[in-house]
Amino acid sequence: MIQVTSEQWLYWLHLYFWPLLRVLALISTAPILSERAIPKRVKLGLGIMITLVIAPSLPANDTPLFSIAALWLAMQQILIGIALGFTMQFAFAAVRTAGEFIGLQMGLSFATFVDPGSHLNMPVLARIMDMLAMLLFLTFNGHLWLISLLVDTFHTLPIGSNPVNSNAFMALARAGGLIFLNGLMLALPVITLLLTLNLALGLLNRMAPQLSIFVIGFPLTLTVGIMLMAALMPLIAPFCEHLFSEIFNLLADIVSEMPINNNP
């Protein structure tokens, strides 16, 4: 019969507990993995499996579990995981923003519904673009790249009481501008053409006031918008590939800035 001593239990707890906090924090905020449609047991099981794979290669931390240092260490691991997952959400937020811009120009701003995944009121076109971005993210193996980047953080920023550089979180805050910038770049061709169409309808209304511009304008704008979206579809995949690559490079820069360099 195999007997396990209390020292062995304590060693395993120190070895697996701290990495598990960082992994679960990432899963709770990362794209796709944080969807409410995924059961919590599946998320917990995935986090435990990832931890069982990566933890044996990490040195055990001997911080007492019931201490102020352990509380600070737990907050640090959770903060690192949340920062990684939250940054990756910027790419999907940019695609959703593009869908909101296009839907607004198409006259679909009122076509909203409660998203079952996030329980937020979201435009239909934004949700379609978001689902397309999720499929492309899986196609490009983005989830594997994200887990690989998480593993790298354990070597770049080992589990310990060392503080995290605040410059990394400043870079994370500045990266929020990528949402509006990339969303506008993706939607700009459709917005420009639909704006031109609306200007033409406005001139037509001035030249022929007897025409009911509301009866003509909405079906025409909606039809042209659907045609433009069909033309835009082949360009979404390379755009998302470039966007995901940009976000992963940003994540790598943020992770590299997290350790505090004590060298003069």
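Even glycines carry a Cβ here, placed using N, Cα and C.
What Swiss-Prot records for 45-65 (among others) is transmembrane segment, and it gives sequence analysis as the kind of evidence. Only residues 6 or more beyond the boundaries of the transmembrane segment (45-65), in the same chain, are considered here, and those with a CB under 8 A from a CB of the stretch are 11, 13-20, 23-24, 27, 33, 73, 147, 150-151, 154, 158-161.
Residues or ranges marked as transmembrane segment in Swiss-Prot (evidence: sequence analysis): 66-86 (among others). Sequence-distant contacts of the transmembrane segment (66-86) (same chain, six or more residues past either end, CB-CB distance under 8 Å): 18-19, 21-31, 33-34, 146, 149-150, 153, 157, 159-161, 164, 168-169, 172, 251, 254-255, 258.
Sequence-remote contacts of a segment are chain residues at least 6 beyond its ends whose Cβ falls under 8 Å from one of its Cβ atoms, and for the transmembrane segment (131-151) they are 22-23, 26, 30-33, 50, 54, 81, 84, 88, 91-92, 95-96, 236-237, 240-241, 244, 248, 251-252, 255. Residues annotated as transmembrane segment in Swiss-Prot: 131-151 (among others).
Annotation comment: Swiss-Prot describes 175-195 (among others) as transmembrane segment, evidence class sequence analysis.
Beyond its flanks by at least six residues, the transmembrane segment (213-233) meets 102, 105-108, 125, 189-190, 193-194, 197-198, 201-202, 204-205 of its own chain at Cβ-Cβ distances under 8 Å. Annotation source Swiss-Prot lists transmembrane segment at 213-233 (among others).
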